[in-house]
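Here is what Swiss-Prot says about this protein:
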type: BINDING; residues: Thr10, Gly11, Gly12, Asn124, Ser195, Ile250, Gln295; note: UDP-N-acetyl-alpha-D-glucosamine binding site
Amino acid sequence: MKVAISGGGTGGHVYPALAFIRELKKVHPEAEFLYIGTEKGLEAGIVKREGIPFESIEITGFKRSLSLENIKTVMRFLSGAKKSKQILREFKPDVVIGTGGYVCGPVVYAAAKLKIPTLIHEQNSIAGLTNKFLSRYTDKVAICFEEVSDSFASEKIVFTGNPRASEVVGVDGEGALEAYGLVSGKPTVLVFGGSRGARGINEAVEAILPEWNKRDFQLLYVTGDVHFEKIKDSLGEMNLGNHISVQPFIYDMPKILNAVTLVVSRAGATTLAELTALGVPSILIPSPYVTANHQEYNARALEKNNAAVVITESELKETDLMATVDAILTDEAKLNSMKLSAKQMGRPDAALKLVETVLSIMK
């Protein structure tokens, strides 16, 4: 069996692809894979480190308004589709999967024109431009949020969830908090703003640290590498208690997520898939800097189901974040209700469901 996969630009498109590959290998250990991405996207480094064969094409995204740059983008798309056809003819895959990002546009389009079975995976609650375009040509569209179903033909939709969810379920969180100087068994809040951190979240947390110092529950505050030294210096005279741990980055996030009580974070699709798979309540602060404001749409889907509280970044300064945390952690009924709601939204079997869907279109 040969499988070609394309997706990139951000980790949110790459990590679901890798989770799918790992799951398919369990069922078909003999399967061969080829990843098609760009050299400029995150996928180049991540995929190569995984030891997966990698081919690259050149492509940029369409602007959401009329632009001369879009003419160049069309030319790059056609060139990318031509190169993709060459790559696919040589590799001869049984199926081609797109996990989002501009790069999968020419790849999946080329595969469809070559009559190769195709599937695209939409991680967000609002469809990306590339996936909207590709859905006309693909055999199936795998989705993670019911809210996005109106963007695609109903007969093509399969609700699989995000395969990254499957990778956090069953991970042992024992000892995870101790590695960061905290204690197991105590209510613990994890705050993080993504791999690079988020200035808005950092500023809000710094403002309430004196109050947090008076609380019994623990805080694992992940600043992001870029912000760590500056924040560490500013906290030098605050005399934080042992129940507060400030870190630049967390490398064992699946273990940590299995050990914490509440999460304060952005609302990227991968993060939400992990939180719901584990039934972890959250306070979500969507990034305002993403395409089509898709993180807020993602967050509102959880809020609507009582799995999260949403605070937009523009509301952060007027919102008492400490009071929001207190309201959840000091109300056991509310906390348990949010846990249950998050768990009900989760798809811990997402990777297997996606594998089954892919295998079905190959028959």
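Glycine is no exception: its Cβ is also placed from the backbone N, Cα and C atoms.
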Across the binding-site residues (Gly11, Gly12), the Cβ with the fewest other Cβ atoms inside 10 Å is that of Gly11
A correct count of other C-beta atoms within 10 Å of the C-beta of Asn124 (UDP-N-acetyl-alpha-D-glucosamine binding site) gives 27
With the fewest other Cβ atoms within 10 Å, the residue among the binding-site residues Thr10, Gln295 is Thr10
Once DSSP output is merged into helix, strand and coil, Thr10 (UDP-N-acetyl-alpha-D-glucosamine binding site) belongs to coil
Note: in the chain of Ile250 (UDP-N-acetyl-alpha-D-glucosamine binding site), residues six or more apart in sequence with C-beta under 8 angstroms of its C-beta are Phe192, Leu220, Val222, Ile256
Three-class DSSP assignment, Asn124 (UDP-N-acetyl-alpha-D-glucosamine binding site), comes back as coil
